[in-house]
Amino acid sequence: MIWHVQNDNFILNFTRIFMKAFHLPLFDGSFIFPECILIFGLILLLMIDSTSDQKDIPWLYFISSTSLVMSIMALLFRWREEPMISFSGNFQTNNFNEIFQVLILLCSTLCIPLSVEYIECTEMAITEFLLFVLTATLGGMFLCGANDLITIFVAPECFSFCSYLLSGYTKKDVRSNEATMKYLLMGGASSSILVHGFSWLYGLSGGEIELQEIVNGLINTQMYNSPGISIALIFITVGIGFKLSPAPSHQWTPDVYEGSPTPVVAFLSVTSKVAASALATRIFDIPFYLSSNEWHLLLEILALLSMILGNLIAITQTSMKRMLAYSSIGQIGYIIIGIIVGDSNDGYASMITYMLFYISMNLGTFACIILFGLRTGTDNIRDYAGLYTKDPFLALSLALCLLSLGGLPPLAGFFGKLYLFWCGWQAGLYFLVLIALVTSVLSIYYYLKIIKLLMNGRNQEITPHVGNYRRSSLRSKNSIEFSMIVCVIASTIPGISMNPIIAIAQDSLF
């Protein structure tokens, strides 16, 4: 009996040492517990789909949404915990990473209700759609906490593969297939460019893959001022540029937006930018800390091109989704200002604040587009003429979201841009902020042009699509309109709650 007790104690002590050595969640506070919730949700989806019939479809939506909400709650419960590095340095947990994870989870939580009625009307496979959304979300969450080059490469590939599959989900649609091919080819090329830049960092640092160790390695090898660092910086910037889709890396964006299912576009338009912004802040701020002047210059050029080209080309668009694609290119130019400012002068805090508002504004706009598309079957901007006469609630919701995207006071977009531009001005980015102000005013023009069409009540200018417009059933008000109402409220009245939002964003800085 004594031997058994000693043997049990030896096994227990050995297990504890083994777990502690590898920083497994059981003994270190469960760093990846939010990610494990999503993995458990994925397993449940597969089990239910393989063992049940069509009557359990609502359970699939319920499990997906519940797992996302529970992951958000898990992140909030461990807020302000000490930063931790786990899995032999591959994964880092801190408030700054977690706030990006919360934003990604929030995007996915709002996007699932947007897809319910759309999937039913188009007869798309439901389980696979939800699996791809949750897996892409999981990849984005791992990307936010990635602390070495291998994880930084694998995590966005997990997100990208699911994005490719989602963009081509309507296999019988020629435009969707074309968009998927362009997305896949350019995504593969950008991943190759990104990993080539990583190989330069790996070699110049003396074989290091952890971000902080790369900095130490560059100092030890005295390669931080070598031409190789500039080459690595250029390749990595181009690779990340595809994920952020600033000009001139934006060619895939309009085609993918136009050809993909609208709920997929809504999902990709926000989650990809949040995940890529998290990646950009870590890559540029840590390994390239000693080359800040060089990457500042590169990002300033990208921001200028994005703001100018995105807003100018958006004026000429006739498709609502293509217009939002070019609008998003301009919006990423504003977000890049926060990345350039960085930790000083509240640059990251202003970027996070504006990104939160951008999620609500953009998803609210897409919710309105999905509703209008399901009821009329069109995406043409001119076909929105006279919508206010048929559905005042939808027209007003779309108008508020568009005005908020344009940055008109007193809506959320105005306060977000004001804070972001002010931080850029304090950091000395005077020319960049002036261009941002001019292009913001320019964007108001094409937003107001759409709003003018919405409010047009003359019968001779109302299109047949609006003339035959039909209101949806009560069920849609529990799904698409639920997300729309939440996003519209978040896009219009957060001005009174700006201080708490900014305080949370500042508290997340590392």
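Heads up, the Cβ atoms here are built off N, Cα and C, so glycines get one too.
Listed features, source Swiss-Prot:
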type: TRANSMEM; residues: 26-46; note: transmembrane segment
type: TRANSMEM; residues: 57-77; note: transmembrane segment
type: TRANSMEM; residues: 124-144; note: transmembrane segment
type: TRANSMEM; residues: 149-169; note: transmembrane segment
type: TRANSMEM; residues: 184-204; note: transmembrane segment
type: TRANSMEM; residues: 227-247; note: transmembrane segment
type: TRANSMEM; residues: 295-315; note: transmembrane segment
type: TRANSMEM; residues: 323-343; note: transmembrane segment
type: TRANSMEM; residues: 354-374; note: transmembrane segment
type: TRANSMEM; residues: 395-415; note: transmembrane segment
type: TRANSMEM; residues: 418-438; note: transmembrane segment
type: TRANSMEM; residues: 484-504; note: transmembrane segment
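If you count C-beta pairs under 8 angstroms between the transmembrane segment (295-315) and each of 124-144, 184-204, 227-247, 395-415, 484-504, the highest count goes to 227-247. Between the transmembrane segment (149-169) and the stretches 57-77, 184-204, 354-374, 395-415, 418-438, the greatest number of Cβ pairs separated by less than 8 Å involves 184-204.
Contact between the transmembrane segment (354-374) and the transmembrane segment (484-504) is supported: at least 3 Cβ pairs lie under 8 Å, counting only residues 6 or more apart in sequence. Note on the transmembrane segment (124-144): residues 34-35, 38-39, 41-42, 45-46, 49, 57, 60-61, 64, 67-68, 71, 91, 97-98, 100-101, 104-105, 108, 111-112, 115, 118, 151-152, 154-160, 162-163, 165-166, 169-170, 261, 267, 271, 274-275, 278-279 of its chain, located 6 or more positions outside it, place their CB under 8 angstroms from a CB of the stretch.
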